[in-house]
Amino acid sequence: MPQSPRSAPGLLLLQALVSLVSLALVAPARLQPALWPFPRSVQMFPRLLYISAEDFSIDHSPNSTAGPSCSLLQEAFRRYYNYVFGFYKRHHGPARFRAEPQLQKLLVSITLESECESFPSLSSDETYSLLVQEPVAVLKANSVWGALRGLETFSQLVYQDSFGTFTINESSIADSPRFPHRGILIDTSRHFLPVKTILKTLDAMAFNKFNVLHWHIVDDQSFPYQSTTFPELSNKGSYSLSHVYTPNDVRMVLEYARLRGIRVIPEFDTPGHTQSWGKGQKNLLTPCYNQKTKTQVFGPVDPTVNTTYAFFNTFFKEISSVFPDQFIHLGGDEVEFQCWASNPNIQGFMKRKGFGSDFRRLESFYIKKILEIISSLKKNSIVWQEVFDDKVELQPGTVVEVWKSEHYSYELKQVTGSGFPAILSAPWYLDLISYGQDWKNYYKVEPLNFEGSEKQKQLVIGGEACLWGEFVDATNLTPRLWPRASAVGERLWSPKTVTDLENAYKRLAVHRCRMVSRGIAAQPLYTGYCNYENKI
């Protein structure tokens, strides 16, 4: 039958469309995806694979030591499918065409003990490898913790164009963190943070491969932790009875963090920063004197009476059972000695002990007893640097957190030279805000830039970005943290050689938009826009 003249243009149009599709299949690939933090080894290949939201799946490899019974991975598979495709599957019909080559599946293989039911620890293995090739990508990890990090990397490799088409480069990635301790400090005493805000922070931490939530849960201002052993601590020490973290709240935070490979380390700072404790626990704090007259003012914890240590023995026994991590942060910073000096009972105790007028020896006496309590509970301790500076007799393995910005490199040298593990937070106090792109200052920090042997540098187990809460609550915590903390995240994860600021800016700008698309209200780096700003 002769071809109708009216059908010829339609045929030409179809041929043109086929040609365009063919061109698309051989178009130059994106060889620089915005991976954050940047992996240890990345090989990107020019070949693009197309991904269909309707056909793609994330599954367990048949030879994996984890399987469908591993709820941690099952939940992660669902979560990362949604991160990659968003609401595409619910709001779009079938794909307009099936382009080839295509990636059909991501198989996840755990090669050693899966640790599906465990909580992460300082020694958790976060190593993974990722091979993306047609038709199946393979993610291998020794444990679920590495698999979680690899899933995040995979999700960052997938690109959606303006037509809604999903693609990924064939690639090979081998990755592991530079430091095992990569933390974010939140402060829930100066301002109470609702549980949903903490959970949102844990999500953002996972997007940036942080693995420690340092929960500075109580301080002078309020005591929101609801103790089952000493309920009056929060009944009288919290801002209000609705500004507390119940046992169920704490369990929710712990499990939410576990599912994202994040440890939760609680901090109960003593003997200073304890005004809220005294409201619910009589005779715990030191009465201050004006000459020989007792005032209504109280100072640090009273270190001279046995009831103090009996209380803390019981209290920390509860804490050690509630929080599964091997570490408890004991604080020990900024202890004011004036009240101790004014109290005649303290003066008499120091005289009997032969301490003279050196209140650092009294502080050391107290801290040593608290460290012994923690050790008796089969836990390890973290302390702020003043505890080390004031010559407290520390137990082997006590971790010292270096937070004072002056001469922190020298402090790291001293701490590690004495054989103690160290955490660096001094250059990463994110509550100190300034105009402009201050993330660059955080990014340029080199944690191991101090004089010391290789053995000393191996004692630096990582660092933390700290966001103290004097001027931060649920309304501004997220944009103040992100993406500024992302700079710290890359410094603690990526190899030492990853330092190119221009490249980092390009990747971080995309990563910031990616966080916005996932519901994280991360503030902008500079001028520009995101395609997903309506998601916030």
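Cβ from N, Cα, C; glycine included.
Feature annotation from Swiss-Prot assigns active site, proton donor to E334; the stated evidence is similarity to another entry. The disulfide bond annotation in Swiss-Prot covers C70-C116, C288-C339, C513-C530, and the record cites similarity to another entry as its basis. Residues or ranges marked as N-linked glycosylation site by Swiss-Prot on the basis of sequence analysis: N63, N169, N306. The signal peptide annotation in Swiss-Prot covers 1-31.
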Assigned element (helix, strand, coil) containing C513 (disulfide bond), judged by DSSP: helix
Pairwise CA distance, C288 (disulfide bond) versus N306 (N-linked glycosylation site), rounded so that it is a whole Å: 19
Assigned conformation of C288 (disulfide bond) - DSSP reduced to three states: strand
C339 (disulfide bond): tally of other CB atoms within 10 A of its CB: 21
For C70 (disulfide bond): intrachain residues, at least 6 apart, with Cβ closer than 8 Å: H60, S114, C116, V144
Residue among recorded positions N63, N169, E334, C339, C513 with Cα closest to the Cα of N306 (N-linked glycosylation site): C339
Cβ neighbours of N306 (N-linked glycosylation site) where a neighbour is any other Cβ within 10 Å: 7
DSSP three-state assignment for N306 (N-linked glycosylation site): helix
Of the recorded positions listed as N63, N169, E334, C339, the one whose CA lies nearest the CA of C513 (disulfide bond): N169
Using Cα positions only, nearest of the recorded positions to C339 (disulfide bond) (N63, N169, C530): C530
